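This is the structure I want to talk about, given as structure tokens.
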Amino acid sequence: CSNRDENIIYMETPTRRQSEVVNSRQDNRRPSIYSTMDAMPHLEFYANATATGRIRRSRPSLETLRKAVDRHPTPSEETAQPVRFGWVTGVMVRCMLNIWGVILFLRLSWITSQAGILLTWLIILMSVLVTSITALSVSAISTNGRVSSGGAYFMISRTLGPELGGPIGVVFSFANALACALNTVGFSETVRDLLIYDSQIVDSINDVRIIGSITVTVLLLISLAGMEWESKTQILFFLVLMVSFINYFVGTLIPATPQKQSIGVFGYRSEIFLENLFPDWRGPEGDFFRMFAIFFPSAIGILAGANISGDLKEPEIAIPRGTLMAIFWTTVSYLAISSTVGACVLRDASGNMNDSLPLNFTEACEGLSCGLGWNFTECQQSGACSFGLSNSFQVLIQVSGFGPLIYAGIFAATLSSALAFLVSAPKVFQCLCKDNIYPYIGFFAKGYGKNNEPLRAYLLCYIIAMCFILIAELNVIAPLISNFFLCSYALINFSCFHASITNSPGWRPSFRYFSPWTGLFGAVISVVLMFLLTWWAALIAFGLIIFLFGYVVYKKPEVNWGSSVQASTYNMALSYSVSLAGVEDHVKNYRPQCLVLTGPPTLRPALVDFVGSFTKNVSLMICGDILMDDEKSVSQRNSNEMIKWLNQRKVRSFYTSFKASDLREGARHLLQASGLGKMKPNILVMGFKMNWQESSSKGIEDYINTIYDAFDSNHGVCVLRMMDGLDIRDELETEVNQAFEVDEAIESDDQISDADSDVDNRKNTVNDQIKTVFQSKQGKKTIDVYWISDDGGLTLLVPYLLTRRKRWRRSKVRVFIIGEQQTMENDRKEMKTLLQRFRLDVHDVIVMTDSERPPLAKNMRRFEEMLAPFRLNEGQLDERTAQQQRTEFPWKVTDKEMDALRLKVSSEKKVRLNEIIRRNSKYAALVLVSLPVPQADCPSSLYMSWLDTLSCGLHCPVLLIRGNQQNVMTFYCQ
């Protein structure tokens, strides 16, 4: 059941002549015409799990094919051949024994008397309809690839995924264990009732417990002896049942003696058949659905063969053929027995030989019995009749040629069902345990012997069955059994329906006689029947499944079975993406879709966490990793590890890598190629280049030109700066970065769940132990927005999205704008009006009236010193040398450019703005500043100096942000 290493390949062990085995091995090794290492197509290459007793072999990988040295496969290893069963003994006989039970012998005649032959046939056919539809669904699923052990659980979990497969595995295993107990108790009650002269071991209840305990222990020993012995025992039970059926039908042909006639048995009579053709409801249980509820458990054994699918020779052939044949023959037997018993036996009889009528009788006589020579009028009118279809549960015994053979049939039916359930429950539970979906049950996954027998699971099932046998009250737990099986049928049918409508190329069952709509009908009717039979038991079953379902959804087990849920998710995503592509953009539906240049996300967790804070469940986030020429390419495994890391931090993001010669080229291609349809990035998010002053000129050019390219392609740009940088590579090797906090509560607070948490603390890797400031609750700190330039509203939208998150909810947003002292109040009022129309909850609007003041000399001097290494001092050079250096170093700032830019975009104003930010936002949680848009001829070093100047000197994170100058917010309704 569990996924195995796909680098192993199995070959069949020798079951044929040695020459055939050799030929098979040679076929497996046959090379392609392209290379001696390349292999031709073969069935074994597509198997995804190692079957019992097999060794797997794989096709060569691309890496192997690229090597110069040929690699020859190793010969297969011979292993012990396990016992395998065909479709007759493994499925058909097992299902027939499981379907036939106590109800056939002790209740079918009574149901016929209540409902009449016609409605009894309707009850039988309705039950068969549900089981037949389920059998078709089982056949389709079981022929869509190789079926391993685990039966219904395996088929549901591999089709619908672990979320629904896990709960059904638990419920179905438990239901099988309870069904074993129920059949054992039914057998024990029959044995108790056969004790002569009311002799008892202790008393009626304890006798059932004693007989049941001994019986289930014997059945356990038979199961532990191995599947071969268990199969032989089932064959013995089957033969006994066949003899009991023959005994019954022969008894209907034997002329009835006066003793049999006194109890209502007359042989085939047309008048009796016509009388019993229609219903005669009696007592509080006399209604159609009550009769249906009593009969339906006799039709639920159709999964007995599928439950041991791992022990079948060819389960994809045996399960459909054996299950459908079992349903056919058991249906024929039910219809034949109900019609024959209805044609032979009266509804009421006294059992008194003195009630026979003489030839010339004169006394009053009413009813059909009068024409048959018997007067049962008195007992009919008084309701004291003890015999007949309506009064006795032993009618089949009375009709048969030799009564004790019917008792043998009852014993065979109950014991065979109990044995089948005792074998099925551990097999299903072992498969569930191997998948590690639920904790603390892996102990029961271990198998023993060549058939991988689940001995530990056998003992667990034995203990559960023994506990319910000791209760010795069938009516306490019986309603749960049918509901649990019906619930399984519903999910099997829904699995088939769901897998069919997803149009997955992987859904290719070789069994063609099914329809997705019959599967849906079977699922619906099964759920309806659950509530019609016993509504409270249905609620209990659904409650248990919902609880187990919720656990699996919360834990998210690391399994990938290619379920139909995954196929359906793909279909919906594809359909919605295509539909969205034809919808025109509207400002009301704008979402910040971010391409985040994180490199490996594990090395810049703060950048990942920050963007994830305002995009989670809102918009698209893509972590882009640009691989330079000198870096090794990221393998699929590394990519999967990055995605796994993102999932562990509960960051909803894609990860994509791109190999390029430099940052600019990689970012340009990612901006163009990332996304799908309307799901494309509209914002480029980068980390601030902290070491830009020590970087090479090409590094600075690439960084700044990446921003320029984003602007030129009409993208917004965000640059995040933290005091000690974003890259934690050095900090992991030396000391903890002060921008991060070590999560000391990782191990101690594992039990505390936070619905808004972005970190999964279950893993103990180094990166997971680092908690960024964006994962902490910000309290009542402020988010300061310096809206210097109108960019369409992105600068205001991001803080609004942040405050919707739990950890930012108490933070207050302050908006700073530039104004003059004379118009300060009007500017403030106008901005508040705009923000109110945008429906943004802003705590305060502050007008900065001192932005035109010159900066402090020391701050201006710092800016000039920072820019000095990148200045081209033309005054100290001759004209020819100056022109040459301008050509060789275009990123340097010339005196002419500095003088011209000072008139347009004064560097002094940026220094002054930084002074205001440091003064007002000393205790802020986050600062957002409008990112200046440079002119095309602005030198990269000068622009980098501006970015550094605007964001320096702050202990909190700073986000330099700029939209694409198009509205992202509106206060209109359309």
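Going from the start of the chain as shown, residues are counted 1 onward.
Glycine is no exception: its Cβ is also placed from the backbone N, Cα and C atoms.
Here TrEMBL flags 34-71 as domain 'Amino acid permease N-terminal'. Sequence annotations record features per position, and here TrEMBL assigns domain 'Amino acid permease/ SLC12A' to 90-595. Residues or ranges marked as domain 'SLC12A transporter C-terminal' by TrEMBL: 604-751, 760-973. Per TrEMBL, the feature transmembrane segment maps to 85-106, 118-141, 164-187, 208-229, 235-254, 288-306, 326-346, 405-425, 457-477, 521-554.
How about a rundown of where these features are and what they're close to?
Note on the domain 'SLC12A transporter C-terminal' (604-751): mean pLDDT across this stretch is 81.
Using a Cβ-Cβ cut-off under 8 Å and counting only residues 6 or more beyond its ends in the same chain, the transmembrane segment (118-141) has close neighbours at 108, 111-112, 147, 152, 155, 159, 277-279, 288, 291-292, 295-296, 298-300, 302-303, 306, 319-320, 323-324, 327, 331, 334-335, 338-339, 342, 486, 489, 492-493, 495-497, 499-500, 509, 511, 513-514, 518-519, 521-522, 525-526, 529.
Among residues of the same chain six or more beyond the transmembrane segment (235-254), those with a C-beta under 8 A of the stretch's C-beta atoms are 89, 93, 96-97, 100, 267-268, 333, 336-337, 340-341, 344, 396, 399-402, 405-406, 408-409, 411-413, 415-416, 419.
Sequence-distant contacts of the transmembrane segment (288-306), counting only residues of its own chain at least 6 positions beyond either end whose CB sits under 8 Å from a CB of the stretch, comprise 87, 90-92, 94-95, 97-101, 103-104, 107-108, 111, 114-115, 119-120, 123-124, 126-128, 130-131, 134-135, 138, 142, 147, 151-152, 155, 279, 312, 315, 318-319, 322-323, 326-327, 330, 334, 417, 420, 424, 478, 481-482, 485-486, 488, 529, 532-534.
A Cβ distance under 8 Å defines the sequence-distant neighbours of the transmembrane segment (326-346), meaning residues of its chain 6+ beyond its ends; these are 91-96, 99-100, 104, 108-109, 111-112, 116-117, 120-121, 124-125, 128, 131-132, 135, 245, 248-249, 252, 264-270, 272-273, 275-277, 298-299, 302, 305, 368-369, 372, 376, 388-389, 395-396, 398-399.
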Name the range, of those listed as 85-106, 164-187, 521-554, that has the largest tally of Cβ pairs under 8 Å with the transmembrane segment (405-425).
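Looking only at 85-106, 164-187, 521-554, the most contacts with the transmembrane segment (405-425) come from 164-187.
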